Each structure stands twice: as C-alpha cells, then as structure tokens.
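Take this structure, written in structure tokens, and hold onto it; I'll ask about it next.
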Amino acid sequence: MTQGKITASAAMLNVLKTWGVDTIYGIPSGTLSSLMDALAEDKDIRFLQVRHEETGALAAVMQAKFGGSIGVAVGSGGPGATHLINGVYDAAMDNTPFLAILGSRPVNELNMDAFQELNQNPMYNGIAVYNKRVAYAEQLPKVIDEACRAAVSKKGPAVVEIPVNFGFQEIDENSYYGSGSYERSFIAPALNEVEIDKAVEILNNAERPVIYAGFGGVKAGEVITELSRKIKAPIITTGKNFEAFEWNYEGLTGSAYRVGWKPANEVVFEADTVLFLGSNFPFAEVYEAFKNTEKFIQVDIDPYKLGKRHALDASILGDAGQAAKAILDKVNPVESTPWWRANVKNNQNWRDYMNKLEGKTEGELQLYQVYNAINKHADQDAIYSIDVGNTTQTSTRHLHMTPKNMWRTSPLFATMGIALPGGIAAKKDNPDRQVWNIMGDGAFNMCYPDVITNVQYDLPVINLVFSNAEYGFIKNKYEDTNKHLFGVDFTNADYAKIAEAQGAVGFTVDRIEDIDAVVAEAVKLNKEGKTVVIDARITQHRPLPVEVLELDPKLHSEEAIKAFKEKYEAEELVPFRLFLEEEGLQSRAIK
C-alpha cells in the first residue's frame with residue numbers, strides 16, 4: 001500500500017463501519033474480488049458466507065427488522081445480483097433499511113457483452129430508494145455513504161453496483177468520510193392539539209369504540225392497553241404487532257382478515273368508532289372492513305398514510321404511542337359497558353377454543369400441540385423468526401407472546417423462506433437470546449442448505465418445521481376459490497437427516513404423546529450450543545378460516561354450521577352476535 005493511500009474497497013468498509021455495519025452477507029465471486037480482498041484484511045467487519053445469495057439478502061433485511069443496524073448483502077455481477085431481488089423487494093414493502101452491493105465486470109468491459117455482464121440497475125428501478133453504479137474509484141466510498149444515508153432516512157433498500165477494478169485502486173486516505181455516526185434520530189412532529197381534542201370528543205361519545213393498533217405503536221403496547229381499559233375499547237392489532245401486547249389481555253381481539261382471530265373479524269364490522277393507530281391495513285378495501293364505521297380517527301407518522309384506508313373525522317400526524325398517551329390523558333373514563341362485556345366474552349370463547357386444540361393429549365399430531373410445547377419450553381424473551389402462510393396465521397393465534405418477545409416475518413411481500421435467514425441475523429445480534437425459526441415444509445425446502453450456516457458460524461437456533469407435504473396456505477385458499485386443489489402437494493424429505501448431514505441435531509416427531517419431550521430435549525441441546533431441526537409431522541388439518549365463518553344461524557343453515565364446526569373442531573364457538581344480544585345490544589352487521 002502506498003503511504004497516504006487506501007484501496008477504495010477498504011475505504012468503503014470504513015464508511016460502512018460508521019453506519020454500525022459489522023457483517024456482510026453473501027457468496028464470493030470474481031466480480032467481488034476487490035471487496036473480498038479488503039474484507040480479508042479488515043478486523044471489524046465479518047463476511048458471513050451463505051449458501052444462497054437470497055438467504056444473505058433476507059438475513060440482512062431481517063437484521064434491521066430485529067432492531068440491528070442496516071443490513072448489507074452482496075451478490076456477484078449477473079446471477080448473484082438477481083438472487084438479491086427478493087430481499088430488496090421485501091425491504092421496500094416493509095420499509096426496512098437495506099444495502100445491496102452488486103458486483104460488476106471491470107469498467108472497460110462494460111457494454112461489450114462480457115461474461116456475466118448484465119444491465120443490473122434497471123432491475124431495481126421503481127423499488128430502490130437509491131440505485132447507482134459507481135463511476136470511478138474515488139467515488140466508491142462517497143456513493144456507499146450516500147446509499148446508506150438514503151436507506152436509513154427513507155427506510156428502504158439502496159442498491160450500488162461496483163465495477164470490480166475500482167475496489168483495487170488506491171485513493172487518498174483523507175479523501176473520504178462516513179456520515180453514519182452523525183446524530184439523525186427522528187423527532188416525531190408535535191401533535192396537533194386541535195386534532196387530539198377532536199379525537200377525544202369522538203371517543204367520549206362513542207358507543208362501540210375499537211382501537212386498531214398497528215406496528216407504529218409496537219413500543220407503546222402498555223399505553224395503548226391502558227387506553228383500551230380506560231375507554232372500554234377492545235384492541236384489534238396487525239399481525240406483526242402482537243408482541244406489543246400481553247397475549248392474554250382480555251380486551252385483545254387479535255388481528256383481522258385471514259391471518260387473524262375470530263373476534264377481530266367480527267368486532268371490526270360491529271364498531272361505530274375506530275381509532276386507527278400507526279397502521280396500514282392492506283386488506284381494508286378488499287375486505288370492506290370499515291363499511292359500518294361511523295367515526296374514524298387516524299394517527300400516523302407518515303402524512304401520506306393519513307386518509308389512505310378511510311375518510312377521517314380526526315387526522316393526527318405523529319407518533320402512535322405519543323398520540324395514544326395524549327388521548328389517554330384527556331379522554332373520559334368509562335365504566336363497564338355492554339359492548340365491552342360482549343367483547344370480553346367473545347374473546348374468552350375464542351381462547352377456550354384455542355386452548356382446547358393446544359391441550360389435546362392424544363390423537364394425530366397437529367400444529368396446535370406443537371405450539372403448546374413451544375409455549376411451555378421457550379424462554380420468556382425468546383425471539384421468533386416466522387415464515388409466511390399458515391405459520392404466520394397460526395403463530396399469531398397460538399404463540400403466547402408478550403412485549404419481552406420479538407416476532408418478525410415478511411408481512412406484506414410475504415416471501416416464503418424468510419424464517420431461516422431471519423434466525424441467522426437474529427442470533428448474530430442477540431447471541432444470549434433463544435431464537436426459534438418457525439416455518440412450514442414448503443418454506444424449509446427453499447432454504448435448508450443454510451442450516452449449515454448456523455453451524456459454521458456458531459449461531460445455534462431451533463428450527464421448527466411443520467411438515468405435512470403441502471403448500472397448506474395456498475391449498476386452503478384454493479379450497480374456497482378453485483375447482484381443483486392442483487399443484488399444492490409435494491414429496492417430503494427426511495429433514496432430521498438433512499439436519500444431521502449439516503452438523504445440526506435432527507428430531508422427527510409425529511405423535512402428540514412425544515412432542516413435549518422432543519421440544520424439551522431440543523431446547524436443552526440448543527442451550528448447549530447446538531443448532532436443532534425438529535421435523536414435526538403434522539396432519540393436513542386446516543386452521544379455522546376466520547374470514548369465512550359459518551357460525552351464525554341468521555346467515556347459514558343448521559347443516560352448514562354443523563359441518564363447519566365438525567371440520568374445525570369448533571363445537572364451542574359462538575357467533576359474536578349472540579354475545580351482543582346477551583348484553584342487550586343488536587348486531588350492526590347481521591340483521
């Protein structure tokens with residue numbers, strides 16, 4: 001190295017350090033050779049080698065979702081760059097900072113149809129918050145700093161393509177800087193007291209209020225719960241916000257639509273007033289969720305979101321938790337009401353049903369009993385990396401979460417195969433916490449080669465695989481919409497043996513009588529530093545479809561209700577309308 005000089009790749013790594021980056025995920029390649037040379041000599045940033053670039057991208061995105069620094073993943077020019085796309089799109093749709101670094105042929109080979117040359121930047125147009133190709137070596141650290149600043153400030157993915165020769169070139173060591181250490185904490189806008197007072201007046205006059213609490217209030221669960229108790233308003237929450245609340249809070253109705261609970265899917269149509277806190281319910285229009293709502297109050301930190309899902313009677317720009325506290329301080333307390341009592345009864349009826357399924361002690365193994373064992377043996381502050389489909393749906397129903405936990409997935413993009421990559425990142429940043437990757441066999445089939453990544457880097461996690469040889473969530477959808485259940489079944493492998501072949505510990509379990517002991521042993525081995533895969537061979541029993549309930553005799557025949565209850569083992573479930581009538585109220589949704 002020439003005195004007073006530094007390679008552009010080494011300068012780039014120094015910039016990344018100012019942004020808190022300690023890990024780069026990826027696979028080495030020729031078009032990343034200058035970066036790999038710099039990483040080999042760097043003492044602070046670890047290169048975490050994955051078996052597929054998509055795993056690296058998703059791990060980097062989930063790193064930020066779990067509260068870590070901006071995640072960084074690299075891909076070779078051409079194939080590697082295309083493999084990063086899933087991570088880029090998940091970051092974009094979940095408003096998550098992420099930096100994708102793309103390798104590229106040397107600059108003198110570009111536009112010459114060289115080996116693996118691809119016009120890469122257009123792939124990310126329209127989705128990346130920053131998308132550039134480095135033009136010369138001195139520009140490299142500056143562009144990386146710009147990319148990180150854009151990703152963090154705009155909460156999305158940034159993409160940088162680097163011709164490989166630039167990274168080898170030397171630049172002046174004082175010709176660059178990184179801005180990641182500068183104070184940039186976002187200060188929420190001051191709340192508009194006029195709008196707060198409007199909201200308070202609306203809630204004071206509401207007869208059937210509901211709080212719809214989104215992820216914007218994930219750190220304000222205690223305040224939102226206190227507000228719920230004070231005004232006797234049940235809480236609907238979004239799927240990714242369950243950790244904000246105590247799972248057994250009597251006023252929690254769960255989430256609405258398909259990935260949800262029965263109570264939430266009923267109460268949303270019965271409420272006259274909705275306090276929409278930090279949420280962007282994507283099924284609102286499709287589901288006509290608020291068609292019976294008379295008054296709608298929305299709080300959001302993003303002015304674009306205000307009014308997106310419903311016409312507003314009070315519009316509050318600001319932090320959801322701060323707004324909830326401001327309303328809590330001013331709103332009138334409410335004694336127990338028929339509306340509240342009906343909701344508490346409905347919630348308990350649903351929990352009794354959940355507990356019955358979870359507590360079975362004999363018969364074929366279902367996913368419900370697996371969750372029961374997890375709840376029994378998981379640490380109180382366990383981290384859950386959750387895959388999509390039935391796993392998302394059922395984890396929100398059956399995991400007994402509290403604000404001590406973290407639960408993350410791909411909620412809007414819903415890309416299958418995200419749980420295992422997420423667990424890599426979660427364990428890397430939280431080495432002293434227990435990490436569970438919970439997924440179906442379809443998701444595990446997409447990413448199981450990276451079980452060995454946990455083994456290689458001593459990142460012990462527990463992989464829980466619900467194995468029933470089908471794409472269950474899609475099959476269930478086809479059951480409601482299609483003539484044929486086509487293309488949804490597949491042949492499974494022995495996942496325990498796959499785990500063992502990668503240096504992990506594998507278990508296979510297919511009996512209710514054995515699940516508790518298997519999970520207990522898996523937890524014990526995990527605490528001893530082992531990565532574990534549990535192949536839980538469950539039935540193909542469909543979880544109850546809360547979006548198409550057939551329980552109310554005013555809507556369905558006696559035969560249809562009987563068949564529905566038998567199919568879903570739901571003999572004790574009662575339609576919300578009957579609880580309302582017990583309290584002297586009439587349904588607004590069912591006439």
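Glycine too: its Cβ is placed from the backbone N, Cα and C atoms.
Note that this is a predicted model, so its numbers are computed, not measured.
Per Swiss-Prot, the features are:
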{"type": "REGION", "residues": "1-188", "note": "region 'Core'"}
{"type": "REGION", "residues": "189-336", "note": "region 'FAD-binding'"}
{"type": "REGION", "residues": "337-591", "note": "region 'Thiamine pyrophosphate binding'"}
{"type": "BINDING", "residues": "ASP441, ASN468, GLU470", "note": "Mg(2+) binding site"}
Using the CB centroid of ASP441, ASN468, GLU470 as the Mg(2+) site centre, which other residues of the same chain sit with their CB within 8 A?
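So the additional residues around the site are GLY440, GLY442, PHE466, SER467, ALA469, TYR471, GLY472, PHE490, ASN492, ILE538, GLN540.
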So what sits near ASP441 (Mg(2+) binding site) in its own chain, CB-to-CB under 8 Å and at least six residues off in sequence?
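Long-range Cβ contacts: VAL465, PHE466, SER467, ASN468, ALA469, ASN492, TYR495.
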Given the binding-site residues ASN468, GLU470, which one is most crowded in terms of C-beta atoms within 10 angstroms?
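Top count of Cβ atoms within 10 Å goes to ASN468.
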By the DSSP assignment reduced to helix, strand and coil, which category contains ASN468 (Mg(2+) binding site)?
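The three-state answer is coil.
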Quick one: DSSP breakdown of the region 'FAD-binding' (189-336) into helix, strand and coil?
60 helix, 26 strand, 62 coil
